[in-house]
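Have a look at the structure below, then the notes.
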Amino acid sequence: MTQDELKRLVGEAAARYVTENVPQGAVIGVGTGSTANCFIDALAAVKDRYRGAVSSSVATTERLKSHGIKVFDLNEIESLQVYVDGADEIDGSGAMIKGGGGALTREKIVASVAETFVCIADASKRVAVLGQFPLPVEVVPMARTAIGRRLAALGGVPVLRVKQDGAPYVTDNGNEILDVKGLRIDDPRALEAAINGWPGVVTVGLFAQRGADLCLLGTERGVETLRYAAH
């Protein structure tokens, strides 16, 4: 199967998971990116079971609304049973690198309040050690250079994310992203805490302190369900 076919496979599997495990009338947390889009497309078939969704980005909001799925502000919701999102990498503990789609801050906020985090990914995203995929760090623009120096001191190579026209990529929150290459992340929880503590960092795209509870992993043999210890 192609990577796109695997993404559709896990998107459909996630919709089945939600149908089987989340009661009718609930609100679903939804991530951002191509794999999350496959989940949204599959969720549309059972949308009448649920009140709607909490979105992690402007792009996800637009896709949800295109399917007629009501989108709630997180501030309107008392509880969120499940959050479904993709990952750029996921290790054996359920820690992830996320943020390739630029929505890492809002993704982390929604994930933090969900009772269950369901990661959906194809098998290429499973790794032994995080860090081959560049680590996104969302920064306040005035702190970009200072944060870049600190990331370089860790052994990484920070690169400002830019659009096709060469202008800096701007997040939904009005910030910029440094993509850090060359890091071998042996202790993602500690690195997440350290980088998040730097003035000027909005958030780092490490999801280790609140990692996935389970992963629906698309493989040539079908969908594998991987479960992780509590974070």
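Positions of Cβ are set from backbone N, Cα and C atoms, glycine also.
The substrate binding site annotation in Swiss-Prot covers T32, G33, S34, T35, D85, G86, A87, D88, K98, G99, G100, G101, K125. Swiss-Prot lists E107 with the feature active site, proton acceptor, giving sequence analysis as the kind of evidence.
Features recorded in Swiss-Prot, as mapped to the structure shown.
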residue: T32; record: substrate binding site; CB count, 10 Å: 29
residue: S34; record: substrate binding site; CB count, 10 Å: 13
residue: D85; record: substrate binding site; CB count, 10 Å: 30
residue: A87; record: substrate binding site; CB count, 10 Å: 30
residue: K98; record: substrate binding site; CB count, 10 Å: 27
residue: G100; record: substrate binding site; CB count, 10 Å: 21
residue: E107; record: active site, proton acceptor; CB count, 10 Å: 30
residue: K125; record: substrate binding site; CB count, 10 Å: 23
List, in sequence order, those binding-site residues among S34, A87, G100, K125 whose Cα sits within 10 Å of the Cα of E107 (active site, proton acceptor). none
Across the listed substrate-binding residues, T32, G33, S34, T35, D85, G86, A87, D88, K98, G99, G100, G101, K125, what is the farthest Cα to Cα distance, given in whole Å? 16
For D85 (substrate binding site), what is the secondary structure state per DSSP, taken as helix, strand or coil? strand
